[in-house]
Amino acid sequence: VVLYFLLSLPKEEKSKKILFFVCLVAYHIFFMLFVWSYWKTIFTLPMNPSKEFHLSYSDKESLEREPRGESQQEVLRRAAKDLPIYTRTMSGAIRYCDRCHLVKPDRCHHCSVCDKCILKMDHHCPWVNNCVGFSNYKFFLLFLAYSLLYCLFIAATDLQYFIKFWTNGLPDTQAKFHIMFLFFAAAMFSVSLSSLFGYHCWLVSKNKSTLEVFRAPIFRHRTDKNGFSLGFSKNLRQVFGDEKKYWLLPVFSSLGDGCSFPTCLVNQDPEQASTPGGLNSTSKNESHLFPAKPLRDSQSHLLTDTPSWSETSAKAEKGKVGMSNPALTMENET
């Protein structure tokens, strides 16, 4: 009905009405996607390490009972020997959180604001009052993208009236000051959002988090700032998933479960527990494949067809005795 009405108008008036209709539809699309992604970023709970990474009750008692030193290291060796972890502390020890009483998965960090360990933690964002991590990082990126498009759209549509304000082309009413304020606000937010969105696009392309930029992940043999990078295409799919139809929608489609991540390690850790899909059969310049259904069932329906790493690990470790990780110490990390 609206289109029929627009087409029935005179030519000059019709073009203006059609342009107005297009701008109105575009505005509401950007606004709805912006609010949707913002809502998902705020109210999606950060994911915490699964129970396999928590110390058992007996291990906790042993850890508290033993003095710091080799005895505590033995307790932690037993807890960590079958876990798919590659990163270490600066001293070469397994990363352990003595506040949450768990062995930290790769890329997991303890948030001092939330007071819990967050999977693939990027940062704690005061603008959304939530930790940005594995469960909502895609939503955060879309929130930045749609808020940037929303501000750019407002600035672009307001530009002609902003120019008229300075050339005295607007009626002399208080409304013209609203035009000026709206343009400045949209333009300033566009500048800040474009820099932040560009930075996070670069992080996605390199498969890094904000924390990993400031402190590169430390593996058994060396520090490697690009240890989790698998190439641009795989890095992108790790965040947005394999099905492109979900990429622009704030619905969860990231690959994996956040507890284990493929790496491009050059030197294989001989003491590392087995992981699925040949994750430990790494040769020089050969990247790991995506982990297939680790720890618990993946939230992504794309990763449901292969056995879990824990089952593969149990078969591979059967009959082996005395496997251990390097010297373990307890260190507080944020």
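Just so it is clear, glycine is given a Cβ too, placed from its N, Cα and C backbone atoms.
Residues or ranges marked as transmembrane segment in TrEMBL: 18-39, 139-157, 177-199. Under the heading domain 'Palmitoyltransferase DHHC', TrEMBL lists 94-213. Annotated compositional bias 'Polar residues' per TrEMBL: 272-284, 300-313, in sequence order. What TrEMBL lists as region 'Disordered' is 272-334.
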Secondary structure content of the domain 'Palmitoyltransferase DHHC' (94-213), with strand meaning DSSP E or B: 66 helix, 17 strand, 37 coil
Local confidence of the prediction over the domain 'Palmitoyltransferase DHHC' (94-213), expressed as mean pLDDT: 92
